[in-house]
Amino acid sequence: MNGTGRADGSAGEALPAGARPLVSALMFSAGLLGNLLALALLLRGRRGARQRPPALFHVLVLALVVTDLLGTCSVSPLVLASYHRNLTLTSLARGGHICLYFGFAMSFFGLATMLILFTMALERCLALGRPYFYERFLSPRTGLVALPAIYTFSAALCSLPLLGFGRYVQYCPGTWCFIQMHLEPHRGLDVAFSLLYATLLLLLIVAVLLCNLSVMANLARMHRRGQRSRRLAAPEQPRGAAGCGRRMFSMAEEIDHLLLLSIMTITFVICSLPFTIRAYVNKLSEAEGDHGWDLLALRFLSINSIVDPWVFAILRPPVLRLMRSVLCCQLSPAAPGGHAVASAVTKLPARPHLCGQ
């Protein structure tokens, strides 16, 4: 059937002797629990802030968690069913339809998750770098347009192997199906699609890193402006303190967003690079590929949707405040005339502070 095949070289229908479902069951449990926990925390946070419309960043975070949850629930039960029946994915249904579905779902949800992460980074970049454009043209409703566009693009791209450009193949021990990464004679288009997919992931990595660097540069400028404002506001007492306090609160919130986004980006890079490297190695090398390394790259790619919700669940406001304190306050240089400014500022009314907000 067009679009499917086996990369593990196994001819039988049964799983290899010694194949155990423990790792797959643990991954499914961790992914399901983490996504449900993150979703509950997001919904609870929204109940406590009903008077305010959700920010676009929070809409995208919710979409990321829901996408990861759907991805986990779409493929992991098939792996467990394969172990339970002691049959490979291609043998669970005639024609290899389950393998095709599994490969499509893996590639679709993986790409959609990474595109949402890029959209989150771009949103923060525009919010700080182009605030007037952001306020005029972007709103939470933008997410209702961006998300269908992301899902449509991901579905269209991941449908190409079903149309003959690329293949979804089964990997050893027979419980995984994904894009064909190994070069075979007279089937260059199969590996070309894996190269296309890997190149897109690489471009997303570079784009997210550039957006995060832009956010860091804008936060540094905000910090310098805030220091000047505090020095000027100190003699003016409460009047300047209110505006200074609002700026400090805004910067603290932006740093929280950056910390969350940066750790998700690090996870994204670690999980995506092995697949990207293997795709290029298999394309450039004429030697017989190592399917063990291909499978390892595939497993790294699948871990991303498991780790992301746990990052969000662990990095709650108290943890972010602690990280912000370590990264910002203890590394910030003392301002000239700091003692005089500090003594004047202590007389001001209480206001949000970058270190303790």
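Note that Cβ sites are derived from N, Cα and C of the backbone, with glycine treated the same way.
No curator has checked TrEMBL annotations; they are predicted automatically.
Taken from TrEMBL as is:
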type: TRANSMEM; residues: 22-43; note: transmembrane segment
type: DOMAIN; residues: 34-312; note: domain 'G-protein coupled receptors family 1 profile'
type: TRANSMEM; residues: 55-80; note: transmembrane segment
type: TRANSMEM; residues: 100-122; note: transmembrane segment
type: TRANSMEM; residues: 143-163; note: transmembrane segment
type: TRANSMEM; residues: 195-220; note: transmembrane segment
type: TRANSMEM; residues: 258-277; note: transmembrane segment
type: TRANSMEM; residues: 297-315; note: transmembrane segment
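When Cβ-Cβ distances below 8 Å are used as the criterion, the transmembrane segment (143-163) is approached by residues 2-3, 56, 59-60, 63, 100, 103-104, 107-108, 111-112, 115-116, 119, 179-180, 193, 197, 200 of the same chain, each at least six residues removed from its ends. When Cβ-Cβ distances below 8 Å are used as the criterion, the transmembrane segment (22-43) is approached by residues 58, 61-62, 65-66, 68-69, 72-73, 76-77, 79-80, 83, 175, 302-303, 305-310, 312-313, 316 of the same chain, each at least six residues removed from its ends.
Among residues of the same chain six or more beyond the transmembrane segment (195-220), those with a C-beta under 8 A of the stretch's C-beta atoms are 107, 111, 114-115, 117-118, 121-122, 124-125, 128-129, 157, 166, 179, 251, 254-255, 258, 261-262, 265, 268-269, 272-273, 275-276, 278-280, 283. Within the chain, the transmembrane segment (297-315) has long-range Cβ neighbours (under 8 A, six or more residues past its boundaries) at 27, 30-31, 34-35, 37-39, 41-42, 61, 64-65, 67-69, 71-72, 106, 109-110, 113-114, 171, 176, 178, 181, 259-260, 263-264, 267-268, 270-272, 274-275, 277-278, 323. Over the domain 'G-protein coupled receptors family 1 profile' (34-312) the predicted model carries a mean pLDDT of 79.
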